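Everything below concerns the one structure shown next.
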Amino acid sequence: MYEDTKIVENDLFMKEFKIYKQIKSFDDLKKLNQCVFLDNLDPNLFNAIELNLNSLNEEDLKTSGLRPFNEIKCYELKSNPGLLVIPNPFENGYQRFLIKKCLYEYHDPPNKTNLDLHMKRDGNLWTNALKCQNFGEFNKLRWTTIGYHYDWTNKVYNELDYTDPPVDVAELSRVIAALIGYKNYKPEAGIINYYHLNSTLSAHQDHSEKNMNAPLISISLGSSAVFLIGTTTKTEKPVSLLLRSGDVVIMSEKARLAYHAVPKILADPEIDNFFQQNNEMCQSRKWYVSDQEWNNFYNYIKINRINLNIRQVNNND
Ligand SMILES: O=C(O)CCC(=O)C(=O)O
Ligand SMILES: [Fe+2]
C-alpha cells in the first residue's frame, strides 16, 4: 500500500514532500506559511459541510466519545472535493482512552503487527515496553492491522484472515460515517500506524479495497503530522494540512483515490491541551483514564504519533 515507486516527470508531490521533510520545528512550519492549520480555516479554501444525525441520536455520539452534534464541524477542501476534515470532534479526555487502546491492546494477537514478521510474541508489547528504558522494542512497532488483515506482500486484504475490529473503533467509525451521510458504512479493516518524530509515509493511493465508494476514515492521535493531500496524479501540487491530536480526515468520493503522504511528524507545543479532562465529568464514563494511568501513555505519545485508518473493504450487498 505504501510503496509507490513510479517515477513521474514533473512530480510536484515529491517536491512538496521534500520541502516538508526538512522542517525541524513548529516555528519552521509557521514561517513557511503554507501549511493549513485546522483551528483557523480560511473560507477561501474550505466549504462548511452540513452534518446530519441521520439514523443517530445524541447518545450514540456520547458513547463514541464525541461532542454534542452542534459542536462538531466538518469542512471540505475546495481544491480537493471529497476531502473532508473534522477538527477534533472528541470530548475532552476521550483521546486518552483511544491512545491507551492503541498502545496497550489493539496490537494483541490475533491482530497482526510488523513485529510478527520477524519475532514471536512473548506477552503484551506495552507491558514489556514499560519494563525497558525508553519503551525498548516497542519503538519498532510500525503498524497493527485489524479486521481483514492486509497482506503487504500481495497488496490485498486476506478474505480468510479476519478478526472483528475492536468494538470502540468500529462504533466510532460507523458514527462518523453516518454523520457525513454513509448510513451503511461497514468498518471492515483498519491499519494503526505508529510514527516516530523522524518517520515519514511516502506518497501513495489506497486502492486495495474492492469498495471505492465508501470513505476512508483517518484519526490522528498524539504528536502532529504534516499531511499532504493531492489528486490522482503526482504532477499536481498537493495541499498540506497540519493534523493534530483528535483531528479526523475523511477521503471520500473524488478524493477517495487521491495521493497522500506524511512527510513530517512534529512534537506539538500545545499537546497537553488535547488530553485534558474534566475529572468530575469523565469519571463516570467507561473511557475514563486517570492521570496516574495516563502518565506512561503520555510519555510515549508526546514524541510519537498514532494514526487510526479505517476502511470498508467489500461492497454492500
Ligand atoms: O498517517 C496518516 O495520516 C495517513 C496514513 C495512511 O495514509 C494509510 O495508512 O494509508
Ligand atoms: Fe493511505
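Don't overthink the numbers, they just go from 1 along the chain as shown.
Placement of Cβ uses the backbone N, Cα and C atoms for every residue, glycine included.
Look at TrEMBL and you will find His204, Asp206, His260 tagged as Fe cation binding site. Around Asp206 (Fe cation binding site), a 10 Å sphere centred on its CB holds 19 further CB atoms from the protein chains shown.
Positions annotated as domain 'Fe2OG dioxygenase' by TrEMBL: 186-314. Residues in the domain 'Fe2OG dioxygenase' (186-314) partition by DSSP class (helix H, G, I; strand E, B; coil) as 23 helix, 49 strand, 57 coil.
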> Out of these binding-site residues, His204, His260, which one has the fewest other C-beta atoms within 10 Å of its own C-beta?
Replying inline: His204
> When the pLDDT values for the domain 'Fe2OG dioxygenase' (186-314) are averaged, what is the result?
Replying inline: 95
